[in-house]
Amino acid sequence: MRTTPRSTTQDTEAAPRARWRRLAARSRSGEDPSLRAAYRACRLTTRQHDPGMYALVQLMPPALRPAGWALWAAANVLDDLADQDGAEPAERAARVEAWTKALRRDVAAGSGSDPVRRALVDTALRWGLDLSGLYGAMAGTRDDVRGRRFADWAEWRAWCDEGVVPWVDQVGHLFERAGAPMAPRFDRRGDYEHFISGAQLTDTLTDLGSDLAQGLLLLPREALDAWPGAEDDLRRGRWSPAAAALVGATTDLARTWVARPGLTRGMHPGAANLLDTAARLLRAQLDAVDAAGASLLDRTPRPSLAARARILAPARVRARLAWSLTPRAVPAPRRPAADASGPRPAVAADTVLRPPPPHSGGARPPRIAADRMPRHVAIVMDGNGRWAQQRGLPRSEGHRAGSVAAHEMVYGALEIGLRHLTLYAFSTENWKRDTGEITAILEGVRRDLDAGRIRDLDVRQRWSGRPGRLPEELVQAFAHEERRTRARTGLTLTVCLDYGGRDEITRAAAALARAAQAGDVVPDLVDEEVFARHLPHPDMPDVDLLWRTGGEQRTSNFLPWQATYAELYFTPGPWPDVDRRDLWQAVAEYGRRRRRHGAAVPLASPRKPPTAPSAPL
Ligand code: IPE
Ligand code: IPE
Ligand code: MG
């Protein structure tokens, strides 16, 4: 987000703030001069490289500012390594990779071997940040040095989501730790990501001239093709009507992305002030891009000093007022994750991924031919209550036993190389049960997350469900796991908790309506693909196999959008009685089904029988 104007900001806190600043300075450095110097270096780097961001960090509470400098200094150092003039792309990529590797080592050791990493690791340890959420973005920066091409805006935005959102998320976590939540409500996540894309697009427009000088034009083909000749003209340094129209339309698009009025609803006023100010600065920057005309190709446009002052001066007053309501000191540093006590580590060490534990009876996974392998298996884990009642036990014991079976599914899925597993753990209708049972189910889920039995497996974990009703700390625990595991590539495990298919579709419709209102979507062009992009997990593939245990033959509001063409599979036994062999059996049954998706039955070549398992199921 190197988009905002060069700042004249200085730290000008009045008397009551001075006490916090002294306290912040003392505790953040721990009286360690080299650490103090490391933070000072980050402050300077942020200020020199990214004055707009520096001005925004100054709107954070004093206790958080050093962390803000450390994060943005790190982002800038990586950008610089990736952009270094005169170095070959391979060499630049190797430098980014080496820096990232060194950071992983430093995170594990709990200290840093260069000033920026030192400050960043210290920040993570003090504030309980999980830096592993940044590794995917760093890998993206490494790959970017070879040049990026985007087919359309969706691809362009996916690039922002991977490369920029994780950095901004870290700032969100900082605010959360400081007791001043900046994270958007779950149903506003789309707006938040649009906002960040808008900031990135503003950045791209601002740097258009310097990027073109390096042969880069970071706009998607979809936009370039809409203005024939514009790309050629820009690359030749010609400010033609087509080039001006392309830039004008892109500037308008960035404006709609950064204007997300509901984004800050429910946030702490200090956090909301920060985001609102960022939006105003971005708009001023876009005005400067508009006003630049042909000169955009020769120099970097900036809003006037007066325009910046009009935005920043009142923002500083609001920040002082807002943060005076929530004083916060810098916490003392903690030990790195490997030594930390407690259920969830403050900083994930560079986890070594392990294979799943073997089946207790020694069962080996079957070999499944690729064309018989479902991509996505979804399971209605039913029958816990009856299982317990049949044994004279309380229903909560059934749910406890059910959690063992759920882990078995994850192990079994990894062993056969399944890519997506979605488990239905609690429906929007399950609130009709008595409070004791609901509490037992939700506490069980929380216990499982804390126990971390799948923590070191190659599993990307996430939650799907209705925002707002689950206990906040459970939602946060899921969010934490999601961040920690987002770069994993093995199995994607989606746990549906307070999930309802109709609710999901309704929320997608609301998101679509908001997008149409904001001008991002043309109602007449809405098709299934556009609709699906507004689902809470747009990347979730269609369900190939939907399995329900417990003998009922219904889907109970589970994944209606994604499972329209799923093969249905019902088994009579209750959920706690299944283990991974039952999953393999279900997949084998899927391999025998003939899927037609509405096409006519083919006449010839019945499929070969499935490959025999390497050991009996
Ligand atoms: C499924 O088991 C788990 C949840 C719905 C949370 P049930 O609790 O529905 O078990 P039965 O169907 O009553 O046996
Ligand atoms: C479906 O099971 C929901 C889950 C397994 C989480 P239910 O037991 O709630 O479904 P119905 O009530 O039998 O349809
Ligand atoms: Mg049931």
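Each Cβ is built from the backbone N, Cα and C atoms, and glycine gets one as well.
What TrEMBL lists as region 'Disordered' is 330-368, 595-617. Annotated active site per TrEMBL: Asp382, in sequence order. Taken from TrEMBL, the feature Mg(2+) binding site applies to Asp382, Glu567. If you look up TrEMBL, you'll see 383-387, Arg395, His399, 427-429, Trp431, Arg433, Arg548, 554-556 marked as substrate binding site. Among the features that TrEMBL reports, active site, proton acceptor is placed at Asn430. Residues or ranges marked as compositional bias 'Pro residues' in TrEMBL: 607-617.
Positions of the features from TrEMBL, shown on the structure.
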residue	record	DSSP class
Asp382	active site	coil
Trp387	substrate binding site	helix
His399	substrate binding site	helix
Thr428	substrate binding site	coil
Thr555	substrate binding site	coil
Glu567	Mg(2+) binding site	strand
Please determine which of the binding-site residues listed here (Trp387, Trp431) has the lowest count of neighbouring CB atoms within 10 Å.
Trp431
Whole-number answer please: how many Å between the C-alpha atoms of Thr555 (substrate binding site) and the residue listed as 'active site'?
11
Other C-beta atoms within 10 angstroms of the C-beta of Gly383 (substrate binding site) total 25
Can you tell me how far the Cα of Gly383 (substrate binding site) sits from the Cα of Glu567 (Mg(2+) binding site), in Å?
21
Which of the recorded positions Asp382, Trp387, His399 has its Cα nearest to the Cα of Glu567 (Mg(2+) binding site)?
Asp382
Recorded positions near ligand 3 among Asp382, Trp387, Trp431, Arg548, Thr555 (Cβ under 6 Å):
Asp382
Among the recorded positions Asp382, Gly385, Trp387, His399, Asn430, Glu567, name every one whose Cβ is found under 6 angstroms from ligand 2, counting any of its atoms.
Asp382, Asn430
Can you grab the distance from Asp382 (active site) over to Thr428 (substrate binding site)? Cα atoms, rounded to a whole Å.
15
What is the separation, in Å, between the Cα atoms of Trp387 (substrate binding site) and Asn430 (active site, proton acceptor)?
17
What's the CA to CA span in angstrom from the residue listed as 'active site, proton acceptor' over to His399 (substrate binding site)?
13
Given the recorded positions Gly383, Gly385, Thr428, Asn430, Trp431, Glu567, return the subset with CB under 6 A from an atom of ligand 1, ordered by sequence, or none if empty.
Gly383, Gly385, Asn430
Cβ packing number for Arg548 (substrate binding site), 10 Å threshold:
23
What three-state class does DSSP give Arg548 (substrate binding site)?
strand
